[in-house]
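Asker: This structure is in structure tokens; I'll ask about it shortly.
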């Protein structure tokens with residue numbers, strides 16, 4: 001076979017199922033490391049065909065580059081690795097900023113007088129940023145549940161879970177010592193004794209409030225091999241999502257709405273029965289994990305569908321904000337339902353944001369990515385996002401000490417600015433840490 005040209009024009013290839021690939025474009029044939037001929041498409045079709053050695057004699061190449069036909073061959077079709085999804089990088093940056101914003105606004109809510117202007121402003125930004133954690137988990141689902149990406153269980157533990165664990169230990173120690181005693185954001189007067197040791201052990205085990213996400217990630221990564229076993233089976237994946245959404249989110253959401261607004265239709269027994277099923281313990285945040293991968297593979301083509309999706313997304317944001325406001329006014333105290341990360345309205349909003357980035361933002365980015373500087377900045381900020389999540393509470397506490405918070409002036413304006421300042425400080429710090437050999441392992 002070596003005497004033939006490896007470069008040819010292939011117009012028609014009959015595969016093992018007698019189907020035909022029609023392609024009037026340039027392609028190439030090369031030998032792979034196993035000695036088999038390998039056909040590589042140079043078009044947007046993106047496929048690869050390996051021809052085993054025992055069938056190479058059936059290959060007919062014509063010197064005049066006319067029609068070449070491969071007949072009766074055992075052909076293996078394998079997808080070529082596709083390019084990077086830059087919209088995912090943009091979504092990761094947004095999610096990391098939303099994490100900062102939700103912490104800046106939600107904790108300040110309890111520091112201002114209820115039903116005042118600042119309180120309404122903080123409640124608004126708290127509602128707008130509730131999709132932060134679901135989006136982070138959905139991004140992880142894109143990366144870890146793709147069956148075309150090989151992730152052995154050993155690699156999962158040695159690389160990914162180990163990375164989370166060492167960051168958890170490092171930052172638990174950092175927040176339990178440096179931030180607690182040196183920054184001392186609440187200006188506590190500490191006494192020294194044996195109790196400091198027990199407090200440190202508690203800080204090491206439980207960590208700062210925002211680090212709960214790392215504990216959750218360890219559990220999520222641990223069940224990844226189980227979820228990957230059915231991620232390539234669309235029917236089972238849909239069943240998993242439907243069951244989880246209905247029993248863990250939709251029914252509890254409807255039950256809560258009835259309880260709060262239509263008590264005549266509320267039956268507490270429904271919640272009690274669902275509680276006995278314990279299905280929420282099985283699902284947890286795996287719903288978002290599976291949703292991320294499923295939505296990344298889902299193709300939406302009708303413009304009317306996008307219109308409906310985005311209308312539903314805005315309505316879900318409306319529910320998150322106004323339901324909490326209405327019920328707080330009724331109860332004369334802060335009402336926390338409808339803001340939980342596993343609340344169905346938050347889930348719907350997260351899905352809409354995800355789809356918006358996959359299609360609309362992606363289309364916009366494709367134009368901007370022609371500029372190499374923009375591309376470099378985008379990838380750099382995306383790479384800093386995880387570190388910003390870890391370190392942002394440091395600057396949250398530092399700003400508290402110097403007297404800058406989300407209600408220093410009108411929270412409708414101040415809260416996003418406050419969060420942006422914290423995000424920028426965190427990003428700069430993480431960027432520097434990544435240049436230092438030892439510290440780069442903890443961001």
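The backbone N, Cα and C atoms fix where each Cβ goes, glycine too.
Quantities reported herein were computed from a predicted structural model and do not represent experimental measurements.
What TrEMBL records for this protein is below:
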- 86-427: domain 'Acyltransferase 3' (DOMAIN)
- 90-110: transmembrane segment (TRANSMEM)
- 122-144: transmembrane segment (TRANSMEM)
- 164-183: transmembrane segment (TRANSMEM)
- 209-227: transmembrane segment (TRANSMEM)
- 239-258: transmembrane segment (TRANSMEM)
- 278-295: transmembrane segment (TRANSMEM)
- 307-329: transmembrane segment (TRANSMEM)
- 341-357: transmembrane segment (TRANSMEM)
- 377-396: transmembrane segment (TRANSMEM)
- 416-433: transmembrane segment (TRANSMEM)
Asker: Which range out of 209-227, 278-295, 377-396 gives the transmembrane segment (90-110) the most CB pairs under 8 Å?
Answerer: 377-396
Asker: Any chance the transmembrane segment (307-329) and the transmembrane segment (122-144) have 3 or more Cβ pairs under 8 A, given the pairs are 6 or more apart in sequence?
Answerer: yes
Asker: Using a Cβ-Cβ cut-off of under 8 Å, list the residues of the same chain that are 6+ residues beyond the ends of the transmembrane segment (377-396) and lie near it.
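Answerer: Long-range Cβ neighbours of the transmembrane segment (377-396): 86, 89-90, 92-93, 95-96, 99-100, 103-104, 136, 167, 171, 174-175, 179, 183, 208-211, 213, 365, 369, 421-423, 425-427, 429-431, 433-434, 442-443.
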Asker: Checking distant contacts: for the transmembrane segment (341-357), what same-chain residues at least six beyond its ends satisfy Cβ-Cβ under 8 A?
Answerer: 87-88, 90-91, 94, 130-131, 133-135, 138, 245, 248-250, 252-253, 285, 287-288, 291-292, 295, 300, 306, 309-310, 312-313, 316-317, 319-320, 323
Asker: Name the range, of those listed as 122-144, 209-227, 239-258, 278-295, that has the largest tally of Cβ pairs under 8 Å with the transmembrane segment (164-183).
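Answerer: Stretch with the highest Cβ contact count: 209-227.
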Asker: For the transmembrane segment (239-258), which recorded stretch in the set 122-144, 209-227, 278-295 gives the largest number of Cβ pairs separated by under 8 Å?
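Answerer: Going through each listed stretch, the top one turns out to be 278-295.
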Asker: Any residues 6+ beyond the ends of the transmembrane segment (122-144) with a Cβ under 8 Å from its own?
Answerer: 85, 88, 91-92, 94-96, 98-99, 101-102, 104-106, 108-109, 112, 151, 160, 213, 217, 220-221, 224, 228, 285, 288-296, 317, 320-321, 324-325, 328, 339, 341, 346-347, 349-350, 353-354, 389, 406-407, 411-412, 415-416, 419
Asker: On the 0 to 100 scale, where does the mean pLDDT of the domain 'Acyltransferase 3' (86-427) fall?
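Answerer: Computed over the domain 'Acyltransferase 3' (86-427), the mean pLDDT is 94 on the 0 to 100 scale.
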